[in-house]
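Structure, as structure tokens:
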Amino acid sequence: MRHVARRIVQGLAAALVLTAAPSAQAQDYPSRDITFIVPFNPGGSSDPLSRAFAAQLEKALSRNVNVENKPGGSATIGTNLVVRANPDGYTIGLGDSAALMYQPLVNKDLAYKTTDDYEIITKLADVPGMLVVRPDAPWNTFEEFLADVKKSPGKIRVGVSGVRSISDMVVQQFNRAADVKITTVPFTGGGGEALLAVMGGRIEGAVGYGGNTIAQIEAGKLKVLGVFAKGKYEPVPNAMSIPDAGYNATIPSGYSVIAPKGLPNDVREKLVAASQEAVRSPEFKEFTKKNGFVLDLKSPHEVSAELGELRNEFVGLIEWLDKKSAAK
Amino acid sequence: MSAIDGLLYGLSVVLTYQNLLAAFLGALAGTAIGVLPGLGPVAGIAMLLPVTYSLSPSAGLIMMAGMYYGAQYGGSTTAILINMPGESASVMTCIDGYKLTKKGRAGGVLSVVAIGSFLGGTASVIGVMLFSPAMADFGIMFGPAEFFALTAGGLLILSRMSGGSLAAGVLPMALGLVLSTIGEEQVTAQNRFTLGFNDLRQGVELVALVVGLYGLAEIMSVVETIQHQVKPIRVGLREMLPTRDEMRRAWAPYGRGTIIGFIFGLLPGPSATMSSFASYRLEKAVSKYRDEIGQGSIEGVAGPETANNAAATSSMGPLLSLGIPFGSVTALMLAAMMVHGVQPGPLLLTNHPEVFWGVIVSMFIGNLMLLILNIPLIGLWVSLLRIPHHIFLPLILILVVIGSYSVRNSMLDLHMLLLLGCIGYVLRMFEFQLAPMVVGLVLGPLIEKHLREALFMSLGDISVFYSSPIAVGIWIAVLFIMTFGLQRALLEKLSGIRFKRTALGNVE
């Protein structure tokens, strides 16, 4: 009899431990190191952005946040890993807007399709594209450039970072909005080969991003004609905003933080709060300001809505492009 | 600031204990990264990136630069001793280096390489110092058409680089080209031959190929033949030092290697690896002892190893003076600058002279440290050959697996490593050359990219390929090198004299 009683007590104790375990885990979150997956190579601008964020997230959570680079496949390989990871809050990653929204439209083999397939923790930053030309180019304003584009359709070439990359799409957006034809030329080196081609006079212009391009503008090696974003872009305050001039061409290179679907509620809340704290920290603000990122603190819902709009924009643009090439 | 002022200013920056320590640790870590097969400079620097963030910007960059050129010193060690390149820029060194080891000259060859690396590195720093503002524009002179000439011409030239029958070189090269088409192509991001596996979009990693072909395949063939270990003869001081003859023959390749490496370093692409291919091929064409190259000659080792060091060093030039990274390692350094709040770009020299001159001058000191570090280490490396196989091979196996995984943290690369190891083993069995396969994988994507970029740029007009003087110049040089043998034979026939030496052979 005593034997049985002991069994029951043991069983109860075990049951107690088992039921207590998940909530204890969530309360203790994070009880071990967190992995932050960056779907790009170290080098380039998204890796430093991730590391700057991870350093602040470490402070907010008092745990190590280990940055792991999982590059390849237009950032889908790393993104897939995050989406498929165990939803315990210990694997999160950088979400690149093109990988999240454009890639599912053209690739059926991904673990995600829409924002319903992963959780958005926070928005990090946007980087608007800048239209740059040689300093001795005949155009001093965007209007002059546009006039020449209208005069000789298809003859003005602008370097982008790959066919149907974000930089290509923003130029196509402009082509559609202004009903003109700028020819895009893909330069895929990733190390600013498009900028080199502009400096060398091989093409007329390029779409450049972030600190690398800003440095060339400041040094007088390139001239900026316009920015593909509304309002003033701090690093080049005198450059014209192209959308403000009436041409809807605004797709930025955007970054957010994502996690796999199905995080326990309290883990998600903790992660969202800590991430927003990290984004608001003076160190992260300083980093983004220095490197041409535009801080954009949005709630997960707002990011989700924004990505949805971006998806619609991509779908519309692709249809427009397909129709145009079919008409040829 | 003139170069002399800059040098003095740079010295004042570097000669603090923190920066000297950074240079030393970088060089030391780089040597280790280079020596360990599979673990190359890109993966190594990426792993140590967080460490450099806790240092000052100059110290961080000095350390990273040290790792890069340090890796070029170390990369040749395992190539020469055990026929496994420590990193891809040392693939060419395997061919002659390992044969020399079999002849018992391991110590001497390692010394020749260390001295060549030092000379190439140092001469290259001087070049960077003197020409750094001007040479930023050198990269601008090269566009898609010029690069197409360089890479496609390079492929033609390199198809016959290490002797053997034509098929023995061309088939592996074709195989390399085929492998290079797997995955997502860069220009339009289409998937090719991925068979529905998303992971295959990342393509075949160069490190997995090099380590598989050389590392794994070598281990397999050693195990299979149960061959006797290359018994290093008791290494006395005499075996450690190069013979007078070896040194005499090394000078000309040193000079040519330095020039080739310096130029390649100023251009975008995997410059250290490409410069070692180019140097080997050049030695094969113009060296006085060209007939011995491939059979274990000092030229086939001294040239490429000098070139890859010169290239690693001069690639810092465009990074520092233009702020545009031309390769994976310099892209990493650029990212480090951003994290440190140092804006890379043409204004770096004005805004952060301590970084600009600090890094340049640190390369002098780092190269000197490496020479001092490496010469005594040679004895240690050679004695590694004495470790029994049943201990040594498993160790190497663990290292190559870790190294291959660390490049991009991918399990796929390990599966590839295994597969490529088996392919390499079979190719060896039938006496195919392995280096052309590496060449195919390196150049294939570059050729395609530049071809397509050039055509996009010219709106489909093929005249873009022959309207640039630089591109035409490169094609003429390619033609010249390819028909070198024919020209020589023709000359001999016409003049009736046997030319023993060619004009170019006496470049020294």
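Positions of Cβ are set from backbone N, Cα and C atoms, glycine also.
Predicted automatically and left uncurated, TrEMBL annotations should be read as such.
Predicted, not measured: the structure shown is a model, and the values here were computed from it.
Features of the protein shown, as given by TrEMBL:
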- B:7-29: transmembrane segment (TRANSMEM)
- B:20-438: domain 'DUF112' (DOMAIN)
- B:35-55: transmembrane segment (TRANSMEM)
- B:109-132: transmembrane segment (TRANSMEM)
- B:138-158: transmembrane segment (TRANSMEM)
- B:165-183: transmembrane segment (TRANSMEM)
- B:203-223: transmembrane segment (TRANSMEM)
- B:257-280: transmembrane segment (TRANSMEM)
- B:322-343: transmembrane segment (TRANSMEM)
- B:355-381: transmembrane segment (TRANSMEM)
- B:387-405: transmembrane segment (TRANSMEM)
- B:417-444: transmembrane segment (TRANSMEM)
- B:464-491: transmembrane segment (TRANSMEM)
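Among the listed stretches B:7-29, B:35-55, B:203-223, B:322-343, B:417-444, the one sharing the most Cβ pairs under 8 Å with the transmembrane segment (B:257-280) is B:322-343. Same-chain residues lying 6+ beyond the ends of the transmembrane segment (B:322-343) with a Cβ under 8 Å from its Cβ atoms: 41-42, 45-46, 49, 52-53, 56-57, 60-61, 64-65, 68, 136, 139, 266-272, 312, 315-316, 351-352, 355. Between the transmembrane segment (B:138-158) and the stretches B:203-223, B:387-405, B:464-491, the greatest number of Cβ pairs separated by less than 8 Å involves B:464-491.
Between the transmembrane segment (B:203-223) and the transmembrane segment (B:7-29), fewer than three CB pairs separated by 6 or more residues in sequence fall under 8 Å, so the two stretches do not touch.
Mean pLDDT for the domain 'DUF112' (B:20-438) in this predicted model: 86.
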